[in-house]
Amino acid sequence: MIARTKIICTIGPATNTPEMLEKLLDAGMNVARLNFSHGTHESHGRTIAILKELREKRQVPLAIMLDTKGPEIRLGQVESPIKVKPGDRLTLTSKEILGSKEAGVTLYPSCVFPFVRERAPVLIDDGYIQAVVVNAQEHLIEIEFQNSGEIKSNKSLSIKDIDVALPFMTEKDITDLKFGVEQELDLIAASFVRCNEDIDSMRKVLENFGRPNMPIIAKIENHLGVQNFQEIAKASDGIMIARGDLGIELSIVEVPALQKFMARVSRETGRFCITATQMLESMIRNPLPTRAEVSDVANAIHDGTSAVMLSGETASGTYPIEAVKTMRSIIQETEKSFDYQAFFQLNDKNSALKVSPYLEAIGASGIQIAEKASAKAIIVYTQTGGSPMFLSKYRPYLPIIAVTPNRNVYYRLAVEWGVYPMLTSESNRTVWRHQACVYGVEKGILSNYDKILVFSRGAGMQDTNNLTLTTVNDVLSPSLE
């Protein structure tokens, strides 16, 4: 059974071996996420090499995503996890040290120290550990813990009521982007996006490195990102709803409504949407998810999210393969009750938000024709990815087989809802149609006498303007004679 909603897996110590990565792929991984808040270029380079070798061997459109560290406040390295309980105190310093309970822990960036005030609430590791500032100095602050937990290396930290303007891109981010371009990665996830100018500035950096069209995913993690969301959505290629930091920056009870709002606007503006953070969190330690987690994933799918993301579950968890299999099972079961018609009507109704009226008119008409004719799939030839992306926006029941000669587009489409990318070296319509039908049969999407709708370009045209209703048998029959 196919799964239209895509799965993103964060790669970490639990899964960065060839054997585990292949198991993740078999379980349902569509995108491999590399979190550049952790690791080095050397360690990420090794993982990238394994992923590229794997996707080449298996001939699959596995995308590789670089997730930037961004302008975040984060702890430094600790010698070993520091166990804390209510009333315990810990020193945070601007000095570069290997952290311990006695020596303290480094806090990055150092520019935040002058802005910290006593009695300010502190949240560590997505809010799991809570503390309060009891002493604030120019290069040192002391916090007192309000609950028990473990302080680990590189964990995120949020200080309430702090008014410091951090730069959107750090020197590390720029170095990481250069590395990502050199490694020919497929997607960039930009952390802590606050406005559309942030996206524009990152595009200029990527252009300077020779990759102006590299897709940028805007991670919405703070109140400014929410406030400027519609402009950010238009400026970016996709959206990630980063619920962890969002639930810290804003009230946690606001997150569900914001998730639905952002998923809807992303879809209406033709941008893919990723729902992330704590989706199957308990599976870091347990082989089965909670009922609430299953409902959370299902609700994200019913919201129309393009992809769901696993973080600690696959990066450092005890049951990474089980987590991906569970996610795929939830997707397949939920999509049985997905209201495809309602999503089509909703997207078709919001004509004011259409980015390309021409493409969308062709796409919407084609979907209606295909469904009325009881077709089993849509086949579309694309050089830029535009046509399948606009088709995906309407959330059709029919799988979209996207045929492309562009390797960058092939991998980039891996994150799009309901799109099954196929790489070809052919531009001849007869040949690529034949290849697409063979691919569809091999993947279990099509059978011999199924009807299909083919989108293609007319002679001299740059955009899709031809719709052909045919059958798999008619396309394949020349080779059977």
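Heads up, the Cβ atoms here are built off N, Cα and C, so glycines get one too.
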Statement: Per Swiss-Prot: substrate is bound by Arg33, Gly244, Asp245, and from Thr68, Thr91, Thr277, Thr290 the site also lists Thr277
- prompt: Asn35, Phe36, Ser37, His38, Lys155 bind ATP according to Swiss-Prot; which of Arg74, Arg117, Arg119 goes with them?
  reply: Arg74
Task: Name the one residue among Arg33, Asp67, Lys219, Glu221, Gly244 whose Cα is closest in three-dimensional space to that of Lys155 (ATP binding site); these are the recorded positions.
output: Gly244
Task: Please report how many Å separate the Cα atom of Arg33 (substrate binding site) from that of Asp67 (K(+) binding site), as a whole number.
output: 7
- request: Find the one among the binding-site residues Asn35, Gly244, Asp245 whose C-alpha lies closest to that of Asp67 (K(+) binding site).
  value: Asn35
Message: Other residues near the K(+) site, CB within 8 A of the CB centroid of Asn35, Ser37, Asp67, Thr68?
response: Leu34, Phe36, His38, Leu66, Lys69, Gly70, Ala189, Ser191
- prompt: Of Asn35, Thr68, Arg74, Glu221, which binding-site residues are close to Asp245 (substrate binding site), meaning a Cα within 10 Å of its Cα?
  reply: Glu221
Query: So of all those recorded positions, Phe36, Arg74, Lys219, Glu221, Thr277, which one's Cα sits nearest to Thr68 (K(+) binding site)?
result: Phe36
- line: If we take the Cα of Gly244 (substrate binding site) and draw a 10 Å sphere, the recorded positions of Asn35, Phe36, Ser37, Lys219, Glu221 inside it are Glu221
Message: Give me the sequence-ordered set of same-chain residues, not including Arg33, Gly244, Asp245, Thr277, with a C-beta within 8 angstroms of the centroid of the substrate site's C-beta atoms.
response: Asp126, Lys219, Glu221, Met240, Ala242, Arg243, Ala276, Gln278, Met309, Ser311
